[in-house]
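First comes the structure, then the notes that go with it.
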Amino acid sequence: MDDVKQITQVTSPTMGEAMDGAKQIGEGMVGKVKKSAKKTMDDVAMTPFLRKITFFSSGGSFLDGYVLSLIGVALTQITPLFNLTGAWSAAIGASVLLGIFVGTILGGYLTDRIGRKKMFIVDIVAIGLFSILSVFCADPFQLVLARFFIGVFVGADYPIATSLIAEFTPKQHRSISMGMVSAAWYLGATVAAFVGYFLYSVPNGWQWMLGSAVIPCIVLLIGRHDIPESPMWLAQKGRTAEADEVMRRVFGEGVELELEEPGEKTSLRKVFAGGYAKRIVFLGILTLCQVVPMYAIYTFGPEIMTAFGLGEGHEAILGESVVSLFFLIGSIPAMFWLNSMGRRPLLIRSLALMAVGLVILGVFPNAPVYVIILAFGLYAFFSGGPGILQWLYPNELFPTEVRASAVGVAIGISRIGTIVATYGTPLFLAAYGIGPTMLVAAGLVILGLVLSVLMAPETKGKSLLETSSLD
């Protein structure tokens, strides 16, 4: 019996030893869980380098607003110089939009095929070169060609830059970062209005206006040279080692990349396949309804201000500058409302208030100046939310392998409308007057409102994997 007792004492652990063993096992399991629970980029705070990516990626949008808006002022000098007819004036205004239509679709496809980084530099160099060439145009046809090619490369920059922003930005900061793209457009348009105001009386001021786009191009080239390729795009192409290196460089150690299945071939057909077809139709029509009135107002801003009785020359340009400020100011709170209020509610409410502003302008074109300014301000201020969503939605609703293509197609569809509207605005304005012109614009915004009520999704607080899924 004593022998049995001794054997039991040797082979059986004490209660304390058992508890110590369990504790060690538990600590080991917790350690493994902690080790495996790595962060994704959605868990990372915005860093100075991520802000740099957003800032310089927004530069193409700044150039779009700048070159599009400045032509409206430049045309006041170019028209008598080249003895332009209404048709030539409209062609010069619309040529950049035709270029954007071509550039967004082609640029989106090439960006998904060969990468974001290469296209990111080439397009800015091309915009600078064609801006210089536009200074030396000797007839309207040459100017139409120069403006067309500027539009091609401005359009190409949109899918490149917005894809980079979406693929580098944590989800909680995505609306603000994409909002910078929209705000940059309005900032470019506002700067253009003031540049036009100061150069309006300068001899050959139109050449200085058109050539001045080279300055932001140089700044963008300096800022973009060290921005890396998108790790999502690299991983999608099976280049995982390069993707991991970019992740370490940008986010540091221990941050994992959430991925779709790699190796799928880039194809425009996927943009129009299954549930994605419904999304692209929604985005294309929504963007068209949002940007057509805005582009018409900016391209022929001085003429429209004069039609409302806000003066001519400097006075009309100053009126356009004030409206530009409303657009810019409205985009700032919209960046934050998209997260607090949500994408869908903000879109619907904004479109409703935009329509109210345009209806007032259409029904009361002879109202006092303060009413005209307030109505324009109402329309412009609440354009901020839809303006951001035209870039945010397509980047959220499509997967990595066709994200840039989807942005290109959505923007391309909208630019078909802007080409027609920009060419037709001066002709319609001359034939029917400012009131009916504004009512047509209001009708487009109301169409966008109805479409949004029926189809607009809510993507607030979701990762790109979640928002781009059809499940």
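Note that Cβ sites are derived from N, Cα and C of the backbone, with glycine treated the same way.
TrEMBL does not curate its annotations; it predicts them automatically.
Annotated features in TrEMBL:
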type     : residues : note
TRANSMEM : 53-75    : transmembrane segment
DOMAIN   : 53-460   : domain 'Major facilitator superfamily (MFS) profile'
TRANSMEM : 87-108   : transmembrane segment
TRANSMEM : 120-138  : transmembrane segment
TRANSMEM : 144-166  : transmembrane segment
TRANSMEM : 178-200  : transmembrane segment
TRANSMEM : 206-223  : transmembrane segment
TRANSMEM : 280-301  : transmembrane segment
TRANSMEM : 321-339  : transmembrane segment
TRANSMEM : 346-364  : transmembrane segment
TRANSMEM : 370-392  : transmembrane segment
TRANSMEM : 404-423  : transmembrane segment
TRANSMEM : 429-454  : transmembrane segment
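Among 87-108, 120-138, 206-223, 346-364, 370-392, 87-108 has the largest number of CB pairs under 8 A with the transmembrane segment (144-166).
Between the transmembrane segment (87-108) and the transmembrane segment (404-423) there are 3 or more Cβ pairs closer than 8 Å, counting only residues 6 or more apart in sequence, so the two stretches are in contact. Using a cut-off of 8 Å between Cβ atoms, the transmembrane segment (120-138) and the transmembrane segment (429-454) share fewer than three residue pairs, counting only pairs 6 or more apart in sequence. Residues 86, 282, 285-286, 288-290, 292-293, 296-297, 300, 303-304, 307-308, 344, 347-348, 351-352, 354-355, 358-359, 361-363, 365, 386 of the same chain, all 6+ positions outside the transmembrane segment (429-454), place their C-beta atoms under 8 angstroms from a C-beta of that stretch.
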